[in-house]
Amino acid sequence: MPVVRRRSIAWIALIATLTLFYFWNASTRSPPPSYTDANSRAAQGGADFWKLIPVHYPPQSIRPLPTKAPVKYPNVQTSFGKEPAEARAIREHRQRAVKLVFTKCWTSYREYAWKSDELAPVSGGKKNPFGGWAATLVDALDTLWIMDMKPEFDEAVQAAATIDFSKTDLDQVNVFETNIRYLGGFISAFDLSGDERLLHKAVEVGEMLYKAFDTPNRMPITRWAIHAAVSGKRQTAPPSLLIAEIGSLTMEFTRLSIITEDAKWFDAVQRIMDAMADQQDSTALPGLWPLVVSAKDQIFNIGNMFTLGAMADSAYEYLPKMSALMGGQLPIYQKMYEKAATAAIKHALYRPMTPQNEDILVSGAVKSENGEVTLDAQGQHLVCFLGGLLTVGGRLFNRAQDISAATKLVDGCIWTYKALPHGIMPETFHMVPCHSLDGCEWDEKAWKKEVLRLAKDKQATSVDDIIKRDRLPPGFASIPDRRYILRPEAIESVFILYRATGRADLLDSAWTMFESINRTTSTKLANSAVWDVTAPQDQQPERANSMESFWLGETLKYFYLIFSETDVISLDEYVFNTEAHPFKRLVP
Ligand SMILES: *[C@@H]1O[C@H](CO)[C@@H](O)[C@H](O)[C@H]1NC(C)=O
């Protein structure tokens with residue numbers, strides 16, 4: 001079977017490249033491509049611009065939206081009692097502090113980077129890595145609404161209405177990022193405000209992205225040569241791409257179909273999910289899909305690497321969230337979620353060895369080859385979303401085991417924040433897994449052995465030197481990527497678990513996180529990613545001059561919401577996309 005072997009070798013090479021790319025991307029300081037704000041004309045054709053491009057492969061038929069009545073799920077949120085006056089005062093003080101930080105960043109974005117994708121928070125410049133379509137502005141629309149900043153919201157909507165999506169200086173558009181940030185941002189701001197201008201922009205982005213599905217098998221192109229498509233060239237779906245990028249279009253497309261009553265977007269993504277469902281049981285780790293899949297051949301079950309972290313994450317996230325979004329109209333999502341959650345809990349979660357033997361869990365990566373399943377005991381800031389996700393799934397579908405795992409995952413993220421000198425978790429790290437979920441005695445020798453195993457220069461230095469040089473807190477076997485890039489996932493899960501359980505200590509953990517993050521990342525203008533959260537406590541980590549749109553779109557929104565009254569964006573009325581944009585749920 002040389003063809004298969006060659007293909008799998010190609011895949012292994014691709015995964016290696018992708019992993020390299022991930023870490024390379026994570027550690028180089030090269031600036032993103034620049035974009036000259038070429039007097040971008042007001043959107044002339046809007047959605048029509050995209051509809052007028054000839055279609056080469058029209059769908060044979062369009063699957064209609066389900067018409068079944070939505071079901072009543074159990075509540076995601078717990079019922080909160082009356083709030084004591086003292087607790088309320090503390091909460092409102094914290095809420096104001098979050099809003100102050102947001103306002104400072106928004107003001108600087110408005111002054112120095114208005115309508116570009118990002119503010120450069122140290123130098124005061126601007127960056128355009130996401131098409132030059134004002135990513136920060138669109139990502140922050142719903143946050144402005146939620147924070148009750150109506151004048152700023154109105155100004156931003158007016159500006160958003162003039163974004164011209166038919167033009168970009170990028171050669172290649174990332175369909176996934178465009179979907180979660182722009183389409184998700186417009187849909188949610190429309191769901192909250194009802195402003196029709198936002199719906200028009202959502203439809204415009206929806207028409208643009210729909211063009212990426214114009215391939216022989218109607219599978220999408222995820223890294224998309226947009227100019228070729230505009231000029232009417234034929235296109236084919238790629239033979240290898242990331243499961244997260246093809247598996248995370250579902251919520252935005254479906255919500256757009258529900259709002260517009262035009263089923264074509266739902267139809268487009270449901271084809272992907274049907275193929276994923278068909279092949280979920282036949283992968284090397286049944287229940288989970290490999291990191292890299294083929295859209296061209298619709299192969300979702302060949303490959304050995306599995307993770308719920310980077311490059312896969314939101315494909316899993318959207319399963320129970322689709323049930324919430326559609327009020328359970330398609331039972332397949334619950335089935336897919338339950339299989340995935342069961343496999344993830346069994347294979348990917350591990351209890352790390354810590355000095356105090358804390359009862360926590362971390363989600364690692366798994367290789368499954370020839371029936372042998374091996375765990376890579378890594379951790380990522382990004383995978384902290386999983387605690388929130390298992391909370392949502394556990395509550396919707398009455399799965400106590402998911403809530404129990406979620407609690408330990410969230411506690412694991414909180415623990416990891418506390419274990420680092422500035423109170424912030426790094427992008428990636430490795431730990432030492434206990435053999436049993438019941439825990440293990442702290443074993444300094446075992447820890448050092450693992451440090452040495454992972455060190456690249458084991459001959460050159462002693463293990464104690466490595467620990468000192470790499471500033472490894474006890475329990476951490478290596479820290480490959482030391483940055484903190486203003487990510488939301490830890491506070492996201494703390495927020496969701498708080499709304500589901502009412503655990504008061506989570507409010508204090510959130511506040512500690514917020515203070516640590518603000519202290520460590522603030523600049524004169526705004527907040528910035530930092531290069532090294534392992535820097536000694538008495539040294540400020542160097543600022544990286546980067547503020548991705550998710551800082552205003554996600555991180556500060558979740559911080560604000562956890563300190564808001566618990567019926568503000570109730571999880572029983574809304575479900576968040578992977579960019580923290582709340583969409584209205586269908587409820588009976
Ligand atoms: C955020 O950090 C900056 C810099 O340390 C500080 O001036 C500001 O007061 C902090 N904001 C809040 C709300 O804590």
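Along the chain as shown, residues are numbered 1 onward.
Keep in mind that glycine also has a Cβ here, set from the backbone N, Cα and C atoms.
Here TrEMBL annotates a disulfide bond for CYS413; of CYS384, CYS440, the partner residue is CYS384. The shortest Cα-Cα distance between GLU489 (active site) and any of the recorded positions GLU177, ASP313, CYS384, GLU427, THR578 is the one to CYS384. The two recorded residues CYS384 (disulfide bond) and GLU427 (active site, proton donor) have their Cα atoms spaced 11 Å from each other.
In this structure, GLU177 is the one among the active-site residues GLU177, ASP313, GLU489 with the smallest number of other Cβ atoms inside 10 Å of its Cβ. Straight-line distance linking the Cα atoms of THR578 (Ca(2+) binding site) and GLU177 (active site, proton donor), rounded to a whole number, equals 10 Å. Look at GLU427 (active site, proton donor): DSSP puts it in coil. Across the structure, GLU427 (active site, proton donor) and CYS413 (disulfide bond) are spaced 12 Å apart at their Cα atoms.
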